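Trainee: Annotated domain 'Major facilitator superfamily (MFS) profile' per TrEMBL: 1-372, in sequence order. Annotation source TrEMBL lists transmembrane segment at 6-24, 31-51, 57-78, 90-111, 117-136, 203-221, 233-251, 258-277, 283-306, 318-338, 350-367.
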Amino acid sequence: MLDLVQAAVNVGFFVGSMGIGYIADRFGRKLCLLLTILINATSGVLMAVAPTYPWVLLFRLVQGLVSKAGWVIGYILMTEFVGLSYRRTVGIAYQVAFTVGLLVLAGAAYVLPHWRWLQFAVTLPNFCFLLYYWCVPESPRWLLSQNRHAEAMQVMRHISRKNGKATPAALQCLRPDEEVGEKLNPSFLDLVRTPQIRKHTLILMYNWFTGSVLYQGLIMHMGLAGSNVYLDFFYSALVEFPAALLIVITIDRIGRRYPWAGSNMVAGAACLASVFIPEDLQWLRVTVACLGRMGITMAYEMVCLVNAELYPTFIRNLGVLVCSSMCDIGGILTPFLVYRLTGIWQELPLVIFAAVGLVAGGLVLLLPETRGQTLPETIEEVENLRRPRRNKEKKIYLPVKKQDIPLN
């Protein structure tokens, strides 16, 4: 029954990634964010008071449909607001907040051992996020992609005013009474239609799958502290902080690709090394396990950041959610890989994890470097990421001096 509840969450993640990703690109980030918050909070409360197991299963499935999608929409919305120099910082801070949430959850679960009260405790604060309706505007990048120039100008002027900066003169090119170009509507085919985006999609999907399998698999297979489930969970979350610190230090100095590829390879190598460490060297096994967990945490956080940088605005949310749906497939398969294969050979899952991680590291090197690049707006810009930039006239909603605009 517990396994089925967890499977329901992962099925919800997968289906929600497909459907809500399209809706967010078609109808806007803000609307979808508020809807996912409302549905997540309501279904969480209903789950806490559910009278029978089938009802628990149903509301857990509904939570899965919207909770991951809401998290990703928030991430996309944030990266589309901030300037180029801040994208790294806010992206990592957003994920560090997730890690802090894991630590708080461990404490809350210890204080509230009954699952119904714990469910109430982690669900009710979600209703406060509905206040975002009054303080979070729509993504101006999305508005521009939909030729809603007047609304985009209003948002950008608001940002300039709050930041104490003058609105760039280039924004005057955005005329509210004039539509330039064709309105872009998202399509699943856009993720595979052109060569570079197709390559990005396939590699990113594999890396999301790898992150999920190794992230969950290492916890299941090795554990980090005896039989105390609360300390197990706490320690496994604690190791994510140095991973975030390493990302902050490296990705703007070295770039995205090499730290990302290296973290995948470190995780794979740690799994492989664990196979040959004797049982009596427990301290060494724990150290290598921590190293592997830190490596795959870095890779997990990097794929979130780079995924958003490799798709144009009008399919960015769809691209991230479709690619990340593979981590839900990984979440469904991981218990089978760990608990079934250990019956054949105790270390067999680690061998598979090692192979999967090393391949993922190699594939990352085939992606373009996005350090110092503004978020792409069109498919053409994504296709030309690896090619030298030419001095050609920009579209009317992409002024030449992008650095002057608070959003880029």
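Glycine too: its Cβ is placed from the backbone N, Cα and C atoms.
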Trainee: Going along the chain, which residues at least six beyond the ends of the transmembrane segment (57-78) come within the CB cut-off of under 8 Å?
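Mentor: Distant Cβ neighbours of the transmembrane segment (57-78) are 4-5, 8-13, 15-17, 19-21, 24, 29-30, 32-33, 35-37, 39-40, 43-44, 46-47, 50, 90-91, 94, 98, 136, 139, 304, 308, 316-317, 320-321, 324, 328.
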Trainee: At a threshold of under 8 Å on Cβ distances, which of 6-24, 117-136, 203-221, 258-277 pairs most often with the transmembrane segment (350-367)?
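Mentor: Selected stretch: 258-277, with the most Cβ pairs under 8 Å.
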Trainee: Counting Cβ pairs closer than 8 Å, which of 117-136, 203-221, 258-277, 318-338 has the most of them with the transmembrane segment (6-24)?
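Mentor: It is 318-338, which has the most Cβ pairs under 8 Å.
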Trainee: Given a Cβ distance threshold of under 8 angstroms, which distant residues of the chain, six or more beyond its ends, lie next to the transmembrane segment (117-136)?
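Mentor: For the transmembrane segment (117-136), the far contacts come to 30, 33-34, 37-38, 40-41, 44-45, 47-48, 77, 105, 108-109.
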